[in-house]
Amino acid sequence: IMSSVLLRDFVLQIAICSERAACIARYIRFMHSDFNSIIQEKQLDENHQHLDADYKTLADVIIQEVIKRDLYPRLDQRIFGEEDGSLKLQSSAEKIVIDVTGTDEDIVTLLKQLFNNKSSQSIETLANIISSSFDITLPEHYQHSLRKIPEQFSIDLSNIGIWIDPVDGTQQYINGTDGIIDSHTGITIDGLPTALVLIGCFDIRHGNAIIGVINRAFHQRIDAFKWESLIYWGTALPDGKFNNLDDVCKETRSNDKQVLLHGSVNTSNKLLAIALKQANVFLVTKAAAYNWDLCAAHAIILSINGQILDLRQILDFYKQNQSLVNLNLTEFQIVYNKISSSHFNPKDYACAPFIAYHNQQDLADILQLLASDSIAFD
């Protein structure tokens, strides 16, 4: 029977998993100095047959399987993500199951198969980073921030499900440009720093997001091919809301205007801007984001008493009542436990159009505007 673990130990374990994921994502991204030539280099013969999965998917699948391996045993049946754990070699139409539980030699053999039996130092190095014996240590300030969680707080793992997005912001990951920061808001709006590792825990009984870890794998460039991470975490248990946002995010907004974000590109990066209070409200009017995009950020937003709500439902309520006074908003929140047991289909996990905010007054203000305007939902 799965037992309770200390909440701070569990969050630390997730943060370490996120950092191994970040190391893998960074190494694959810069395994060869010209990432894009690698994508073409995978042609196996004159017919231009190549790995069905391009490099980004390789990073995604490997990271997802590594997190399943490294988090607490037997949680792996309740770790969900975008990938199905295999990659297809088009040359033979053979599907290779990505198994990272074996020895270092097994992992090298697997990678050689994926890289068309090329043997190289970079494959050995990647295998080493993937291996569970490769030691991941976090800077002391992360360990220190986790002491905010009182020692007596524990969590029952038998009630936990996990959504992973191994490399969110795939297009940015491939383009590989330096980050661009909006000078008015401090929001990172483009480039590698918007590619995030997302690990979000939810309660399988009611579906609420309860723990979020977001690793900005490309936070700061150290040299041509080296970057370091920034890890954000938050917990949203009924009696335990903790996070490290004040510790890791010193910069504050340089203006006092209300900032409204919209659109479904870079969803989790925009949600992070809400958690960091760099923006007030984020609106998505179509069902274009998925459980794995939202869950981690949702828990962090909840940890600062913000929320992500179903936009249609809350807007309908507001139009009828013209007020949010004494309303229990949790009945409108996005939940994450509707897991289909049949064949995995990403469409099943699309989230309804939503609104995210960190301050309830901002919610009331924007609903007033939206209620008077007709808003189109797709």
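The backbone N, Cα and C atoms fix where each Cβ goes, and this holds for glycine too.
According to TrEMBL, the features are:
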type    : residues              : note
BINDING : E82, D165, D168, D293 : Mg(2+) binding site
Query raised in the report: Around the Mg(2+) site recorded as E82, D165, D168, D293, what other same-chain residues have a C-beta within 8 angstroms of the site's C-beta center?
Result: G81, I164, P166, V167, L198, S268, Y290, W292
**Report entry** Lowest local Cβ density among D168, D293, which the record lists as binding-site residues, within 10 Å
**Finding:** D168
Query raised in the report: Across all protein chains in the structure, which of the binding-site residues E82, D165 has the highest Cβ count within 10 Å?
Result: D165
